[in-house]
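**Q** Below are the features I grabbed from Swiss-Prot:
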DOMAIN    174-272  domain 'HTH araC/xylS-type'
DNA_BIND  191-212  DNA-binding region
DNA_BIND  239-262  DNA-binding region
SITE      ASP241  site 'Interaction with sigma-70'
SITE      ASP250  site 'Interaction with sigma-70'
Amino acid sequence: MTVLHSVDFFPSGHSPVAIEPRLPQAAFPEHHHDFHEIVIVEHGTGIHVFNGQPYTISGGTVCFVRDHDRHMYEHTDNLCLTNVLYRSPDAFQFLSGLNQLLPQEKDGHYPSHWRVNQSTLQQVRQLVTQMEQAEENTESHALASRELTFMQLLVLLRRSSLVEGLENNDARLNQLMAWLEDHFAEEVSWETVADVFSLSLRTLHRQLKQHTGLTPQRYLNRLRLIKARHLLRHTDESVTDIAYRCGFGDSNHFSTLFRREFSWSPREIRQGRDASLQ
């Protein structure tokens, strides 16, 4: 597995933070780092495999990667990211207690993926630009300013994720997408889902297409197929059982959609035929 080292990314040994744009981010094999990073998805879509678990990401997704996490990107479509790198929560010269602003693992669950709305994303871009512009200055006041801006970023992300609520259509769509990640295997009535999240059906279709490039049903099918591929790789369950477990009522229809999405059949994935592409 590829290991990325801080010496190759941070401008100097004194720099607490480094900014790495990926415009766009191509598919990238599994790797980990000796530093931490916050991945901010600007726009586009892709699959983020995080510690073996697949997540569909799009504009507004924020992922917190620790130095022992492993991750990779697959099936990227104009996926544009900004990576905010930092050595560790305890490696800042002027800040302490940052762990309280970061997601915390509890009972074996690490809430690595957050979502923010477009308004917050604009504010995030401004803070990232401030840090990027001062990257080369190693004077104490400049380092302190960058650390303060980094803390502002954490506060903004945490506040936005906690109080987003149902304030506007953008926020409601974010909550809907998070709900689909957990309920992908259920039978979904888009009329009912739209009503639950206080969206008109037309708004749901339009906004999901803008965020992901996919219609609601195609987005749901992709979620199901991604989860199914993970089970094919990591369990011994039959193709039929996996199809039903992931929300498909017909295994033949599942196999057709699977090949169309990944260019491999479920059986070929089970046999590891795609291993060279992982």
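In case you wondered, yes, glycine gets a Cβ from its N, Cα and C as well.
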**Q** Sorted by position, what residues of the same chain at least six away from ASP250 (site 'Interaction with sigma-70') have a C-beta under 8 A from it?
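**A** The answer is ALA243.
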**Q** Can you tell me which parts of the same chain pack against the DNA-binding region (191-212), counting only residues 6+ beyond its ends and a CB-CB cutoff under 8 A?
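**A** Hits for the DNA-binding region (191-212): 45, 56, 58-60, 166, 169-170, 172-173, 175-177, 179, 219.
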**Q** Note the mean pLDDT of the DNA-binding region (191-212), expressed as a whole number.
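**A** PLDDT averaged over the stretch: 90.
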**Q** Taking the Cβ of ASP241 (site 'Interaction with sigma-70') as the centre, how many other Cβ atoms fall within a 10 Å radius?
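**A** If we count other Cβ atoms within 10 Å of ASP241 (site 'Interaction with sigma-70'), we arrive at 13.
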